Amino acid sequence: MFMNRWLFSTNHKDIGTLYLLFGAWAGMVGTGLSLLIRAELGQPGTLIGDDQVYNVLVTAHAFVMIFFMVMPIMIGGFGNWLVPLMIGAPDMAFPRMNNMSFWLLPPSFLLLMASSMVEAGAGTGWTVYPPLAGNLAHAGASVDLTIFSLHLAGVSSILGAINFITTIINMKPPAMTQYQTPLFVWSVLVTAVLLLLSLPVLAAGITMLLTDRNLNTTFFDPAGGGDPILYQHLFWFFGHPEVYILILPGFGMISHIVTYYSGKKEPFGYMGMVWAMVSIGFLGFIVWAHHMFTVGMDVDTRAYFTSATMIIAIPTGVKVFSWLATLHGGNIKWSPALMWALGFIFLFTVGGLTGIVLANSSLDIVLHDTYYVVAHFHYVLSMGAVFAIMGGFVHWFPLFSGYTLNTTWAKIHFMIMFVGVNLTFFPQHFLGLSGMPRRYSDYPDAYTTWNTISSMGSFISLTAVMLMIFIIWEAFTSKREVLAVDLTSTNLEWLNGCPPPYHTFEEPAFVNPKWS
């Protein structure tokens with residue numbers, strides 16, 4: 001019975017729960033890696049004593065957080081749980097493929113861990129650029145294991161993407177148009193299309209790297225007529241859509257949270273929100289070389305990528321101001337979920353502004369590979385994606401579990417986390433502006449103060465993570481059951497009770513076609 005339910009599951013709710021648990025666990029691993037990094041950088045001089053090991057930590061931290069924490073939780077966890085409920089579908093379109101998508105992740109994670117256990121580990125950075133990732137600078141199986149890990153995670157995501165696209169397009173009630181689906185459903189749809197179009201390019205790139213390493217091909221080796229810059233183009237053609245994949249489901253969740261706790265029945269500017277997400281998805285594919293301003297592109301190429309990158313700020317601004325407009329005039333309920341959402345809006349905007357700075361190719365030549373870039377993407381990930389995940393978690397936890405969190409503890413948790421992440425990453429802007437480079441385990445004494453403060457912030461965030469574990473434990477032991485949920489008329493996922501029955505919508509949902 002246990003095996004049938006959890007190993008061979010075809011139920012979107014159970015698979016969503018598996019994704020959430022796996023992502024939470026991987027998040028702990030990724031947090032551990034980040035704390036080792038910050039411990040090393042807490043003061044000048046060496047702690048770990050081996051720069052290869054330091055770079056392995058940095059690489060593993062990135063891979064774990066991206067592929068095994070943010071994506072499984074946002075797309076696999078929230079996506080699986082909420083999309084079928086929100087469109088009135090009995091399950092996902094391909095329930096067994098859904099199960100396979102999940103079970104490809106633990107082996108993938110195992111391969112990534114194995115890569116750091118053999119030889120010297122993969123100290124390449126998450127970009128895995130050759131020639132550093134080639135078989136001279138990284139002899140041994142480490143990088144090969146990392147590549148296989150990425151292949152499995154990629155297959156998992158591609159299958160999941162096919163599943164979500166099919167489900168969202170095909171499994172709505174006949175009377176429901178695409179423009180009647182909630183914004184979270186749209187965000188998952190756009191995310192799935194991005195995954196489907198970008199991951200095969202990554203697969204091609206890392207497969208060529210694999211053959212360069214093992215079969216003497218020279219795709220990325222100038223000695224045989226190859227070009228390492230080709231790898232960078234292939235990688236970033238995936239890598240840039242990937243960062244939008246990481247944030248788009250968060251956009252969808254924030255729209256729901258802001259609308260709900262503003263007491264509104266719908267978000268401000270639904271169509272604008274939808275097309276902003278679609279625009280972001282499209283533009284995400286035509287700006288990749290802004291990660292490569294320092295490789296010596298023509299000035300006109302740099303001008304194009306600078307301009308195109310800045311254009312993304314427009315649909316993003318549409319979303320930010322629509323969230324603020326949704327809040328405007330609302331009957332605001334100061335719940336922990338809304339606090340996460342407001343934190344998201346502010347900090348994501350700050351991260352977006354530093355992104356506009358980096359979009360300027362002339363400035364980026366100077367700032368590339370400094371801590372300014374680290375600060376930028378951690379503002380949009382560690383305070384964008386993660387805040388969205390936390391907001392979504394405290395908002396939908398009663399739906400998933402049937403129990404309510406202790407609101408006071410949840411607010412305290414938010415405050416500690418808010419202080420921790422800002423103390424960690426705000427000083428890194430200063431470090432970058434004064435020229436401290438990324439991916440080094442040591443630094444000149446001049447950078448000591450801000451690094452020490454940054455490392456202190458990371459340990460404050462650690463206490464927040466530990467408090468979160470306590471809060472979840474407290475909810476499950478106190479067993480405060482959900483009595484009623486407001487605004488179910490425009491929040492369909494709550495309609496079946498908390499938690500919903502194992503099978504929902506066993507007969508087709510009724511949709512009033514006169515809805516406008």
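Note that Cβ sites are derived from N, Cα and C of the backbone, with glycine treated the same way.
The following features are taken from Swiss-Prot:
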type: TRANSMEM; residues: 12-40; note: transmembrane segment
type: BINDING; residues: E40, G45, S441; note: Na(+) binding site
type: TOPO_DOM; residues: 41-50; note: topological domain 'Mitochondrial intermembrane'
type: TRANSMEM; residues: 51-86; note: transmembrane segment
type: BINDING; residues: H61, H378; note: Fe(II)-heme a binding site
type: TRANSMEM; residues: 95-117; note: transmembrane segment
type: TOPO_DOM; residues: 118-140; note: topological domain 'Mitochondrial intermembrane'
type: TRANSMEM; residues: 141-170; note: transmembrane segment
type: TRANSMEM; residues: 183-212; note: transmembrane segment
type: TOPO_DOM; residues: 213-227; note: topological domain 'Mitochondrial intermembrane'
type: TRANSMEM; residues: 228-261; note: transmembrane segment
type: BINDING; residues: Y244; note: O2 binding site
type: TRANSMEM; residues: 270-286; note: transmembrane segment
type: TOPO_DOM; residues: 287-298; note: topological domain 'Mitochondrial intermembrane'
type: TRANSMEM; residues: 299-327; note: transmembrane segment
type: TRANSMEM; residues: 336-357; note: transmembrane segment
type: TOPO_DOM; residues: 358-370; note: topological domain 'Mitochondrial intermembrane'
type: TRANSMEM; residues: 371-400; note: transmembrane segment
type: BINDING; residues: H376; note: heme a3 binding site
type: TRANSMEM; residues: 407-433; note: transmembrane segment
type: TOPO_DOM; residues: 434-446; note: topological domain 'Mitochondrial intermembrane'
type: TRANSMEM; residues: 447-478; note: transmembrane segment
Residue among binding-site residues H61, Y244, H376, H378 with Cα closest to the Cα of S441 (Na(+) binding site): H61
All-chain count of other Cβ atoms within 10 Å of H378 (Fe(II)-heme a binding site): 21
Euclidean distance between Cα atoms of G45 (Na(+) binding site) and H376 (heme a3 binding site), Å: 26
Other CB atoms within 10 A, centred on E40 (Na(+) binding site): 23
Cβ packing number for H376 (heme a3 binding site), 10 Å threshold: 24
Selected stretch (most C-beta pairs under 8 A with the transmembrane segment (371-400)) from 141-170, 183-212, 270-286, 336-357, 407-433: 336-357
When counting Cβ pairs under 8 Å to the transmembrane segment (183-212), the leader among 141-170, 270-286, 447-478: 141-170
Same-chain residue ranges lying at least 6 outside the topological domain 'Mitochondrial intermembrane' (213-227) that approach it to Cβ under 8 Å: 130-131, 133-135, 143-144
CB-centroid shell, 8 A cutoff, Na(+) site E40, G45, S441, site residues removed: L41, P44, T46, L47, I48, G49, Y54, D442
Chain residues outside the transmembrane segment (299-327) and at least six past its termini with a C-beta under 8 angstroms from it: 251, 254-255, 258-259, 262, 264, 267-269, 272-273, 275-277, 279-280, 283-284, 286-287, 289-290, 293, 341, 345, 348-349, 352, 355-356, 359-361
Candidates 12-40, 141-170, 228-261, 447-478; stretch with most C-beta pairs under 8 Å toward the transmembrane segment (336-357): 228-261
